Each structure stands twice: as C-alpha cells, then as structure tokens.
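What TrEMBL says about this one:
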BINDING   A:28, A:30, A:31, A:35, A:259, A:291, A:408, A:412  Na(+) binding site
TRANSMEM  A:20-39  transmembrane segment
TRANSMEM  A:45-67  transmembrane segment
TRANSMEM  A:88-110  transmembrane segment
TRANSMEM  A:174-192  transmembrane segment
TRANSMEM  A:204-228  transmembrane segment
TRANSMEM  A:248-273  transmembrane segment
TRANSMEM  A:396-417  transmembrane segment
TRANSMEM  A:438-463  transmembrane segment
TRANSMEM  A:469-489  transmembrane segment
TRANSMEM  A:509-531  transmembrane segment
TRANSMEM  A:562-584  transmembrane segment
C-alpha cells in the first residue's frame, strides 16, 4: 500500500495567495479582544512590569512550542482538525472532534460580544453620546433613578444595551435591537468567510492591520492627555513581591495559552492550506512574538486613558469638595484651588473641625481611583466609554475605538469559523457539487439562530458562563492530549523528520525538550491548578439588581443547580470526546481483529504523502 | 427704589435675600412657595438676566428643572444601522452571484473540453468510434502481435 500513488500532487485544495496573508491570518486569530482588555488588567493587578517575567517564561515554554506543534501538524497533514487527528492515529480522533466542538461553542458567544461592540459603534454617531447623559424621570424634576444612583455609562450598558435581568433564572425577553445587531454581525461574518480562505484572506488585510493603526492613534492621543503618565507609571512600576504568589504564574500561563488561540483547530486549518515546504518554525515564533508585542503595545494607550480617567475623577472629587467648602464658609470663588486644597483643608480642619465634619467630604485619593481595575467587557463598555466622553471630539474617538474592537474580534472570528468550516468541508457533510457558499451560509444561519439566546435579558450572564467554562478547561485538556499525542503516540522521532523535511533544517534541541517534557508537564500543572481554583468556591456570579440594598454595587449570587449542571456539561462535553472516540475505536479494532482478513492500515506520514 | 434694599450679613460672596411684594394687594409679601414655583419656571430668564448659569447662580432649596436632551424623530442609530446593513447585503449578493456565474462558466468550459477530447479521440481512431471498438469482443491477431515485436526492437 503506497501512499504516493494514491494522493495526487495537485489536490485542488485552496491555498493562500501569498505567505503574508497566512501570517496575517494567524496573527489576526491570535490577536483578539483579550490582548486589549485582559492583558493590561493582569499587568496592573500582578505587580506591573514584574508580570512580564512569568509571562515571557510561559511564552517560551508553553506558548511557542504548542503553536509550532499545531502549525507543523496542519501543514504536514494538510487537513482540518478532525481529519488531521484521525490521520495521526484513529485513537486520537476525539481530539479533533473536541477542538471542533470548542470552536463551535466559542463562535456562538464571541459573535455576541461583537454584537455589543457593533451596537455601541452605531450609537457613537449621536451628539451628545447617549451614554454621557442620564435620561430624565417622568416628572422631569430629576434624572432616572437607576441612572442617577449608578452612572450614566453603567445605565446605558446595563439597561439600554443589555436590558439585564436581576437574576440568571429570569430570562427576560428578546431585545430586538440586539437581534438586529446580531443579524448584522453574522451577515458580516458570512460575507467574509463565504468561500473560506479565499474571502477571509482578502478581508484579513483590513481587519488585522486596522487595529494597529487605531492603537497608534490612541497611543499618540493618550500620551497627550493629562494624567496619562500617572497611569503608565502605575502600570509599569514593577512590584517583584507579587511573583511569590502562585496565582500570578497561573494567570500568566493561562493568559499566554488563551491569547494564542491554541487548541481551537483554527491554526491547524490555516496551516493546512500552506504549501508543504514552508518554514513553520519561523512562522510560529513570529506569530507568538507579534501577539505578545501587541499585548504590550495595546496596554500603553489603555493605561494612558485609564490614568487620564482616574486623574479626571480625582479632580472632580476635589472640585466637589471645594464647592461644598466654599458654599459653607462663604469664601470667594477661586480662593481654594486644587493645588492649595490640602493646605486649606488642614487649616480648616484645625480651626473649624465640627463644620468640616458636618460637610461629609469624600476623601479624594488618586491612588484609589487608579486602583479601580477592570477587565473584560467592563473595561471597554464602562470604563473606556466614560473616558471617551471626557476627551474632546468624543464621537470620533468612540467610532475609532469601537471599529478597532470590532476588527480585533472579527479577525479572531475568522479563525474560529475556519476551525468549524474546514473539518465539515472535509467530512463531506454537503455533496461535493454543492457550492462552498452553501455550507458557510448554513453554519452562519444555525449559529445565528442558536445565538439568539444570548440576546435575552439574562444573555450576558450566559456569555460569562460560556466564557468561563466552555472556553477554558476543555482547551487545556485538548492541548495536553495534542502534545502527548504527537510526542508519544505519533513519536517525536517521526514528527521531527517530518518537520525537518518541511523546514529544511534539523529540529532544535529546544523543541525536543519542550514537546516531550516541559509543555505537557506545564499544561498538566496549569490544568490542575485551574480546576482547583475554580472548585474552591461555589460557582457564583455578580448580578445587576437595582433593588439590591448595596446598589450600585453588584449583587453576588450563586448559580442555581440547573445552571451548574449546564456549566459542567459545557466544560466536560468537548473533553469527553477524546476518551470516547478512543474507546469507540478500540471496540471497532477488537471486532475487526476477530476477522482474520483484517490488515492493519499503514499509518500516515508527512513525507510519504508529499514526496 | 433704594428703600427696598437692606444690607445685612455681609459675606465675601455676592449673595442676597429677597422678598417679593405684591404692589396691587397693599404691599403684602407673596408666599415663599409661590415665589419658588415662579423661579423654577423662569429660571432661564433669571439666569440670563445676570449672565450666569445654573452652576454659578444658586437658589438655596430650589433645584432646577432639567430640560430633556434633544431627540431626533428617528433615532440616529437606526439610520447608521440601515446604512451598514445595506452595504453588507450588497456585498453578500455580489459575492454569491459572482460565485454562481463562475461555476456556470467553469461547467460550460469543462463540458466544452470534454466535447473537444471526444472529437480528438474519434479522429485518431480513423473514423471508428471508441465505443464500437470496445463493444466488439477483441481477439489478438497473432500475425500482428509478432510484427509488433519486430517494431519495438527497432
């Protein structure tokens, strides 16, 4: 049985127009919303510049080896995730199915986040920005109560955008404006992925490069804002004591892992459209380094803006106190300025302590404002939007910011959809005569219909669940089996020969050590630490409840049992595929071995197929 | 008239107390609640008379009524949304139609090529179509086979 004779040289597989498109697609897939709203947050809470140490160690021993593995695998086997893992070994077919399932689950909720970005984008054309003012109450004597007690920005996010319910078990109704935006987002995804990499390859030129332009513009603008330097100093001041906390190392490892979009199957799909003789080693190192540099680059404007926001809030606090003091003591205007506020306060406190105490002044501390750290959607939709209102020309900044977020998310969506699309195409779900446009249309339509659940009142709670459970633990498990599968089942010797054949030079010792020992060990440790941390407290969430006593603080609630069951299901379903498929194949083997005419098929090899 | 102004409680800020008298009703003071309501309704005029704003002219215990933000008849976001959606639908239609046209062209080309190849095959066989040859049961002519051997050795 010779593999050479069966597989023709020109197999009609689509390919990238040029190498740059491929690299850009991988970078676009890796660089996503997390680079902008998770990495700066982690830097801030884990001791600033000191966080870079565990981050780069994790990049070196976990990120780059796994990335190289996936790219080499896809390029060698020239198939999507399901086909590739079936070729490596039929017992490992479950890894591919698991990857595919995770890609499906993540695509569903990721596009809903983009829906929110789109909603904010189309609202940015209004003057004044709708999240800058509170609406009035019925008799027009004051502002809407919910808005007044929290802030206008919070109100716009929780009420006008999400129309959130106070509890996850209350589903609320479908929000029609979100449905419209969701339909638009899926239409955009369909437009860009309609013919697979033929169309995404063209779209990626815009969606991958545009965010860098906007980040640069924000960088220049951000550095000119007052208070920017405070924010940057706060971000980057290293506090080496935090390195003693194992939580920091865990966060660094998970951040690198999720940031590079490993184990989704999307990278394998991208690499499978490459010519076989391509230097995947250099590609992997390039993509990983660009991803990390982007995270660092993005954190500079983010923290300039956050520093600006903290400074403005601090000045507002001071101004409010000054007004109360001036009113109380009947002092002339401009007698107390921000600069001499502290001296005035100490003087007044010593001479009229009772009066000062009666005023109930809020203590204004710049450090406290800087400490208010947020990550995720809170950073983009609450904190950043508030800062944008304060900038001159806020519409333009808002429009730019949300287009940037949309491009970042869209280029990651391309990778997710490719991870779903390519294996389905190879499994011949639709007949070969049917056009590719049909399959991508079916995928987008079904995803849109399922994602309608996320437009309910409780939708954002569900997205948090999907993010925490479907998009985290299964990936770690799948990546672990990927490394083990290639290193010990396919055997490193054979794989290194394949990689040598593709790149044209011998495999470095670094790859041998990391693929064989360090990466699987690291993944195992990270997985166990991650699960242990999750299990330590009962799974809870914070709900936005206007009737809560501590409002505007969010109310801490525990998930009801049926929701907890869904969480467990989401986390274990993709992982279960791996042993299930292996078991299924074992049973098939046993049945076949009873047949004496059974001949074991030759296991696939890179070189055999392509030489 | 100067007699209506009394100085007391001098402070550093410009502030004053005032009472409103109704000249038509025998110089009685107008009750505070009515004055408050009147000020609330005409706040804008009083502010502009002093060239001040709600922030710089403060009436103790009177909160100003707020004017609602201007809202256009169609919300702006619907317009933007309509524009975006039209562009996307146009793009999708264009791509789908061009895809269908490409497939039609490819199908036409491949059928033309097939026809061409058939003709070539027929002429090569000197007018005897392939199908006819296949249908006839073939038997090897020993004489020709021997000749073939001679030809190949050359």
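Residue numbering: from 1, along the chain as shown.
Just so you know, glycine gets a Cβ as well, placed from its N, Cα and C.
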Cβ-centroid neighbourhood (8 Å) of the Na(+) site, A:28, A:30, A:31, A:35, A:259, A:291, A:408, A:412 excluded: A:27, A:29, A:32, A:34, A:261, A:294, A:411
When counting Cβ pairs under 8 Å to the transmembrane segment (A:469-489), the leader among A:88-110, A:174-192, A:438-463, A:509-531: A:88-110
Stretch among A:20-39, A:174-192, A:248-273, A:396-417, A:438-463 sharing the most Cβ pairs under 8 Å with the transmembrane segment (A:45-67): A:248-273
Residues satisfying Cβ distance under 8 Å from residue A:412 (Na(+) binding site), sequence separation of at least 6: A:28, A:29, A:30, A:31, A:32, A:33, A:110, A:261
Close in space, distant in sequence - residue A:408 (Na(+) binding site), Cβ under 8 Å, 6 or more apart: A:31, A:32, A:33, A:35, A:36, A:207, A:211
Candidate ranges A:20-39, A:88-110, A:396-417 - greatest C-beta contact count to the transmembrane segment (A:248-273) (under 8 angstroms): A:20-39
DSSP three-state assignment (helix, strand or coil) for residue A:31 (Na(+) binding site): coil
Maximum Cβ pairs under 8 Å to the transmembrane segment (A:204-228) - stretch from the list A:88-110, A:174-192, A:396-417, A:509-531, A:562-584: A:396-417
For the transmembrane segment (A:396-417), sequence-distant contacts whose Cβ falls under 8 Å of one of its Cβ atoms, 6 or more beyond its ends: 25-26, 28-33, 35-36, 103, 106-107, 110-111, 113-114, 117-118, 120-121, 124-125, 129, 188-189, 192-193, 200, 203-204, 206-208, 210-211, 214-215, 217-218, 221, 261, 264, 266-267, 269-270, 380, 384-385, 388, 440, 443
Beyond the flanks of the transmembrane segment (A:174-192) by 6 or more, those residues with Cβ under 8 Å of it: 111-112, 114-116, 118-119, 122, 161-163, 199-200, 203, 207, 410, 413-414, 417, 440-441, 444-445, 447-448, 451-452, 454-457, 459
Count of other CB atoms lying within 10 Å of the CB belonging to residue A:28 (Na(+) binding site): 28
For residue A:259 (Na(+) binding site), nearby residues of its own chain (Cβ under 8 Å, 6 or more apart in sequence): A:30, A:32, A:34, A:35, A:38, A:39, A:63, A:291, A:292, A:295
Two-stretch contact, the transmembrane segment (A:562-584) and the transmembrane segment (A:438-463), at least three Cβ pairs under 8 Å: no
Chain residues outside the transmembrane segment (A:438-463) and at least six past its termini with a C-beta under 8 angstroms from it: 104, 107-109, 111-113, 115, 162-165, 167-175, 178-179, 182-183, 186-187, 189-190, 193-196, 377, 417, 420-421, 424-425, 429-430, 541, 543
